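Below is a structure I'd like to ask you about.
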Amino acid sequence: MMSSKSHFVALLLIIFLIVNVQSTRIMDDSSDCVFKGPCQRRSDCYERCGLKPPSRAALCQPMGLQGRVCCCL
């Protein structure tokens, strides 16, 4: 009985830590992105970011209700 209680407490602690880390990430407003306008795919962002393909410093990421936006790193 005691081991099942300790397993339960350990599980709760792990869940608490995971939720806490996730909420910290969500609340972090700092961003390395410079947003440069709408896009449909990554290739749309190369010119906006001033990069040449196949650079990985340009992303086309979802931005809420605004659709997808170029993120220049």
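Numbers run from 1 along the shown chain.
Cβ coordinates are placed from backbone N, Cα and C, and glycine is handled just like the others.
Dumping what Swiss-Prot says about this protein:
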type	residues	note
SIGNAL	1-23	signal peptide
DISULFID	C33-C72	disulfide bond
DISULFID	C39-C60	disulfide bond
DISULFID	C45-C70	disulfide bond
DISULFID	C49-C71	disulfide bond
Just to be sure I understand the packing, how many Cβ atoms besides its own are within 10 Å of the Cβ of C60 (disulfide bond)?
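Taking every protein chain into account, the count is 19.
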Show which residues of the chain containing C71 (disulfide bond), separated from it by at least 6 in sequence, have their CB under 8 Å from its CB.
C33, V34, F35, K36, C45, A58, L59, C60, Q61
Could you list the residues of the same chain, at least six apart in sequence, whose Cβ is under 8 A from the Cβ of C72 (disulfide bond)?
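Same-chain residues close to C72 (disulfide bond) (Cβ under 8 Å, separated by 6 or more) are C33, V34, F35, K36, C45, R48, C49, G50, L51, A57, A58.
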Counting every protein chain present, what is the number of Cβ atoms, excluding its own, within 10 Å of the Cβ of C33 (disulfide bond)?
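The answer is 13.
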Could you say whether, by DSSP, C49 (disulfide bond) belongs to a helix, a strand or a coil region?
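Where C49 (disulfide bond) sits, the three-state DSSP reduction gives helix.
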